[in-house]
Amino acid sequence: MPSRKFADGEVVMGRWPGSVLYYEVQVTSYDDVAHLYTVKYKDGTELALKESDIRSQSSFKPRKSQSSSSSPSRRSSSRSRSRSRSPGRPAKGRRRSASQSREHKDDKKKTTQETSLALPVLVLFKPSENNTKRYNGEPESTEKNATSCIILEQKLKPDLEIKRVLEQYSLRPRKDDKKKEEIYSEKKTFVAVKPIEKVSTKTKELEFGGRIGIFMLILLLPATVFYLLLMCKQDDPSLLNFPPLPALESLWDWRVFGVCLLWFFLQAAFYLLPIGKVVEGLPLSSGRKLQYRINGFYAFILTAAAIGVLLYFEFELHYLYDHLMQFAVSAAAFSLALSIYLYVRSLKAPEDELAPSGNSGYFIYDFFTGHELNPRIGSFDLKYFCELRPGLIGWVVINLAMLLAEMKIHNLSVPSLSMILVNSFQLLYVADALWNEEAVLTTMDITHDGFGFMLAFGDLVWVPFVYSLQAFYLVGHPITITWPVAAAITVLNCIGYYIFRSANSQKNNFRRNPADPKLANLKFIPTATGKGLLVTGWWGFVRHPNYLGDIIMALAWSLPCGFNHILPYFYVIYFICLLVHREARDEHHCKQKYGLAWERYCQRVPYRIFPYIY
């Protein structure tokens, strides 16, 4: 085994991945198995580098400038070379005068200086290049407008033109160009033949309480869903009134399970329809971008048309209300089977396709968080499909079934005002998510988390059967509210929706195109990754304004259920806990990713979700 070259604590020069730039770093540790050095940049960013990407500081010391007086041997060699006249040298009969020679030397020196000045500008200020010093706030100004990229590009045009002209009219001998081409082709061939080393990025920090916490969650999540559904069936759904356990045989119905499978594959068929635009997601760790078809809203319209046809032929949709527990059990069984399939197929997935959060080496942990980042069957992306389609649209269908069940059970000609509000608010939320389907490509679920039991159960069971809890509660416990109260709740929901949508749109537009003229008024803190952290607009108000809007809407969904029981408020309580935990995960992830720039952002925006509170 080769011995290590650099010691822990040694200050060296490390190459920034994907560039030719070297920066001062400190060696923190060395992995004997992978032969990788863990180095720390000045902004706090830690990366694993190969030994070939690290050099000692002495190799970067500036060389002494050559003296104007050459050595005798050099002068003699220059005399011998002068006998062979170059294309740019005048003939013997046309000797230059001393003044012309000096002018020629001055012009040549001036051209060389211009070239040397133009090229560093291209290297240091190229927009797509990662420059650690520049992005860590060391320049005079650490905040920039989104139009800075456009201005910079205009400034670089003259330099690019100079470089092009110099290359076109270069006086360098053709032999040198030929040699460089040969060397370049040799390097190219060498790189093509040499196999690329793939480094496995193991998950070092376990979340959710580690393996024991994960095991408890796998048991607790289904139990919570079944407990909430049983409580809603109770005449007195108070916390102290524990519901009786149903017989096991009453929890399973093969017909219901068949309906669940039919629903899943119907949505899959809608997903595969060649309608809607195809977009690219964010770059993966390998630099590759996956393609996604955006047709969720079309699937929603087609589903609504199918439901309308069923109602026209007098299909009793309140069948869902009568067998809701059986539907939940069937969906849980299907999500478990899907999770097992996902884990088994992930064992054969390449290392660069594994999720950074689910590659711990522990079966129970990787099974829960998801071992593979983007499992696909051909072009069918399983995680992206389940994120919005079966569960989210199924949530709206269950709400509609609860509305029809309320009318039938209580002999109403029209639904109650409380039921109308709950259905309307949640319908708006789902329609908005599907209309802005492309925005989900920048979320943590898609870019960071693998697809395992956590997302499979959450998308297919938790979302449709827990998020519809208010509508299910109102069927057995009707609440009468006045029009002024309904108007106040509607205003509250609109405020939450406005914050949620405008904050998400602002973030997504900035991530897609920071140089968009519409975003010229936004200021941001540059980071070492090339991305910017917004410090104006909604993201200068709190760090997660979209979470704030989500929580306000969740409260508006629960208020139509009155204050007789805490059960319909389970959603808003759970949602606050979920978003606070997700914010903590995001905080930890961003601190590792952005280093010192994230600390500056936190100083500029001190509140996380609730302004002046948290």
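Using the three backbone atoms N, Cα and C, a Cβ is placed for every residue, glycine included.
Whatever TrEMBL says is automated annotation, not expert-curated.
Taken from TrEMBL as is:
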DOMAIN    4-62  domain 'Tudor'
REGION    53-113  region 'Disordered'
COMPBIAS  55-75  compositional bias 'Low complexity'
COMPBIAS  76-97  compositional bias 'Basic residues'
COMPBIAS  101-112  compositional bias 'Basic and acidic residues'
TRANSMEM  212-231  transmembrane segment
TRANSMEM  251-273  transmembrane segment
TRANSMEM  294-313  transmembrane segment
TRANSMEM  325-344  transmembrane segment
TRANSMEM  455-475  transmembrane segment
TRANSMEM  481-500  transmembrane segment
TRANSMEM  521-542  transmembrane segment
TRANSMEM  562-581  transmembrane segment
Interface-richest range of 212-231, 294-313, 455-475, 521-542 toward the transmembrane segment (562-581), CB pairs under 8 Å: 455-475
Highest-contact recorded stretch vs the transmembrane segment (251-273), from 212-231, 325-344, 455-475, 481-500, 521-542, CB pairs under 8 Å: 325-344
Dominant neighbour of the transmembrane segment (325-344) in 212-231, 455-475, 521-542, by Cβ pairs under 8 Å: 455-475
Residue numbers, six or more beyond the limits of the transmembrane segment (455-475), whose CB comes under 8 Å of its CB atoms: 221-222, 224-225, 228-229, 232, 237, 264, 321, 324, 327-328, 331-332, 334-336, 338-339, 342, 370, 383, 386-387, 390-392, 394-395, 398-399, 402-403, 405-406, 409, 416, 418-419, 422-423, 426, 445, 449, 557-558, 560-561, 565, 567-568, 570-571, 574
For the domain 'Tudor' (4-62), the number of residues DSSP places in helix, strand and coil: 7 helix, 27 strand, 25 coil
